[in-house]
Every structure is written in structure tokens, then in C-alpha cells.
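Visitor: In case it's useful when we look at the structure, here is the feature table from Swiss-Prot:
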| type | residues | note |
| --- | --- | --- |
| TRANSMEM | 6-26 | transmembrane segment |
| TRANSMEM | 87-107 | transmembrane segment |
| TRANSMEM | 124-144 | transmembrane segment |
| TRANSMEM | 154-174 | transmembrane segment |
| TRANSMEM | 193-213 | transmembrane segment |
| TRANSMEM | 251-271 | transmembrane segment |
| BINDING | HIS255, HIS309 | heme binding site |
| TRANSMEM | 279-299 | transmembrane segment |
| TRANSMEM | 301-321 | transmembrane segment |
Amino acid sequence: MEAKPVAIWLFLCSLMVICMVGIGGFTRLSKAGLSITEWKPITGTLPPLSEQDWLKEKSKYEATPEYKAFNYGMSMEEFRTIYLIEYVHRLIARLTGLVFILPFIYFTLKKRIPKNAVIRLSTALLFGILQAFAGWYMVKSGLVSNPHVSHYKLALHLLLALVIFALLSYQFFDYQIKPKQIIKINSNITCYIWIILILVTVQIIFGAFVAGLNAGLIYNTFPLMDGQIVPEDLFYLQPAWLNIFENRVTVQFIHRALALLILVLTAILTIKNASIKPLYVMLFSVIIQVILGIVTLLLHIPMAIAIAHQMFSFILFGSGLYCLRYLRNQI
């Protein structure tokens, strides 16, 4: 079957994007993201190969505010560890790009991809290029006087990854779902799924805010926030709207509230349309994601569960896209 290699390639690319999200989370939680102070897309492919190279890289890091504030006196062995974590992060990002670009060129030249898919995948390529620049833009924000990556730029980096994943996975579903699997449905269902996907996107952005502001380190109780449904200090910043984006308490409160809203809406949609089996996959994904979020909070952000929570948000989004593709043009 001619479409099968293309479908396998799209699945692999989608999977690699999810893996990159996990690696990015591991890099952030390991506090290794600022260890490489330069961005060299081509020459940066190789790590330091000699002791002199390592000393040179360490001296560059020692000039950064992060080193002076948090890692002063760090040994060479400790530096190698965080450097290699960030190096692997960047290397796999390059590898992901190659795994996408080379087969894309081949399949396009061989006319194995329909024209509408070429446009969609070219858009994914464009966003991939933007993602590379956004990654460096994010790192650069932490190399200034305040050694802390901007949570806005962290959210942008994650959002671009989500767009790339959405384009790739939706195209993959195009190859996987056959007409015989599709049923007649009410037009309102797709509208409801779109609403849920928009809420999931906003939730992922607020997840990035929670991570960037270390908001997961406060109010480590559930369902109440230290005994309160609505915690104090929700609006202590002025102007009031700033709390939505920069107040750790408000950001965590919104993240919790959105999770419950998405769960309730997905449950209602599934119950009302019990004959549509893909909705159960989306509901199950929401339940797993909520559980991962609660456990991450209660256990004070254990690395493995926190990374799983971040990665699974993309799987949840993908389950919603699958539902959309399953129901498309069946009105």
C-alpha cells in the first residue's frame, strides 16, 4: 500500500514531537537549559571533544548570571552533566527535524502526498523553523541579569510544539481513518469537540505558566487549596488582569479550574453521544491527565510524573483531533 510508508513516517514524527516535549521537561526540571550559552545550528552538532573544549564551554557558563547566583563553584563533572542534558535536547531536536524534512522531500517529489497535505506539512515545517528560533529566544531570556527563563517564552515554545504535533497527527489520522469507519453525526458534536480542544490548548499554556512560575510548589493539596475553594491573594497584583498571567496563586487556580471544566464537558459529551466510541478515548485521556496532574501536585512535582503529565497533554490533544477526523464531513 503506497500510503503506508507515509503514515508510518507521520506517526514517527508525531511520536518524536511528544518525546521532545518530555526531553524539554526533563531539561527544565534538571535546571540544565541554560548550560549552553550559544546557539550554533550547524557547528553545535558536536559536543566538546577535548578537555580544553570543556574548559572553554565552562568558562562561558561561569560568565552567566545563573552560575553566579545558583551554581558558583560547580565542578567540571557537574557542569558536564547539565551540559550534556541540554546537548542531547538540542541534538534530538535536530534529529527530529531531519526525520521530518528528508522523507518529506522524497515523498513530495514522488507525489506520494496529496497537494492539500503538502500545504499542511509545509506549514508544519515552517513552524518547526520558528520553534528552533523560539527555543533559543527562550534560553536567551535566562542569560540576562535575572537567570530565569520567561514563562511567556516557555509557553510559546510549548505552543509551537503543539501546533506542529497537531498538523502531523491530523495528517496521520487522514491516512488511518477509512470511510467505512465513519458514521452520520450531529453537527453540534464537532463544535463541542472544538471548544474542548481550545480549552485544552489554553490549559497547556497555563501548564507552561505553572511550570515557568514554579506555581506547582505552592498549595500542594487537592481538591481544596490549603482548605479553601478559592484561595486568598488571587488578585493582589495591580492591575488586576496581571494576576491571570503572573500571580502564582491565580495561575494554579486557573489550571485546576480548567482541568475540572474540561473533564466535566468531555464526560457530558461522551454520555450524550455514547455510540461514538472515539469519544471514550478522549474521556479516558482526560481522566488520566487529571490524575497525573493531581499526583504531580500532591507529591511536590516528582520528575517522572511531571514529565508524563506534560507529555500526556499532547496525547490528550491528539485524542481530540482523532475524534474530529473521525467525525469530519459526516453531517
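Each residue's number is its place along the chain shown, starting with 1.
Glycine is no exception: its Cβ is also placed from the backbone N, Cα and C atoms.
Note that the coordinates shown come from a computational prediction; the quantities given were computed from them, not determined experimentally.
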Visitor: Around HIS309 (heme binding site), how many other C-beta atoms are within 10 angstroms of its C-beta?
Guide: 24
Visitor: Please figure out which one of 87-107, 124-144, 279-299 racks up the most CB pairs under 8 Å against the transmembrane segment (251-271).
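Guide: Comparing 87-107, 124-144, 279-299 against the transmembrane segment (251-271), the winner is 279-299.
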Visitor: So if I measure Cβ to Cβ from HIS255 (heme binding site) and keep only same-chain residues at least 6 apart in sequence, which ones fall under 8 Å?
Guide: GLN203, PHE206, GLY207, PHE209, VAL210, ALA215, GLY293
